[in-house]
Amino acid sequence: MDYSKEELATALNPVVGYFDPLGLATADFWSQGNEATWGWLRHAEIKHGRVAMFAFVGYIAQYNGLHFGFPLSLPESPSYAAGLTPPEQWDALPLLAKAQIFTFIGFLEFWSELGMETHYMKGGRPGDYPDFPKAGVIPVTPVKVFNLYDPFGFAGKRSEEQKAKGLLAEINNGRAAMIGIMAFLAEQKIPGSVPWGPHLKPYAGEVMAPFMS
């Protein structure tokens, strides 16, 4: 189901409705036209919402001591050492481990952009993620084993109405998760900064360190 900007906003939040104080919905980024800009914005929100949902759940799991069964760093400084909070676990990772994580993320971004049959800025559906290449292109990768968009084949069995409803739920949950993960970080860095929020252990590090000179 294709929504107009106003219809999508109202369907996502009937109380607030269409609210665009920055004029993003009518913007023209990189002189690509408004439709391309709208596709980019929608895809960006869906993608970051999905990442935030993983981050939110992962933060809760790691904060409560759940972790991989093996260290992601050197034996002398395991990333899940007892008592470390999620940002402290990240700080404990050596540079090589962080580089591997960012390399994998970079590959996912690369394939997301170049593997689509129809790009989301050129009429493609925002939020779609292409299948990995055919068997033999990536060693030991059978066809469609790593379909990140619909890994279990559930979406393909849904009606168009169910898909549209599911997308609305995903966008709203993603928005909530983006607020939630930032609230966790803010509360740990500045205790008491999140009203009615969880009381988390203070974090003495710098969450924006990767972006600082």
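Counting begins at 1 with the first residue displayed.
Using N, Cα and C of the backbone, Cβ positions are placed for all residues, glycine too.
As recorded in TrEMBL:
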type: BINDING; residues: E45, H48, L96, E170, N173, R175; note: chlorophyll a binding site
type: BINDING; residues: R50; note: chlorophyll b binding site
Inter-residue C-alpha distance, R175 (chlorophyll a binding site) and the residue listed as 'chlorophyll b binding site' (nearest angstrom): 9
Neighbouring C-beta atoms (10 Å sphere around the C-beta of H48 (chlorophyll a binding site)): 15
Nonlocal residues around E170 (chlorophyll a binding site), in sequence order (Cβ under 8 Å, 6 or more apart): I46, G49, R50, G127
Protein Cβ atoms within 10 Å of L96 (chlorophyll a binding site), excluding its own: 10
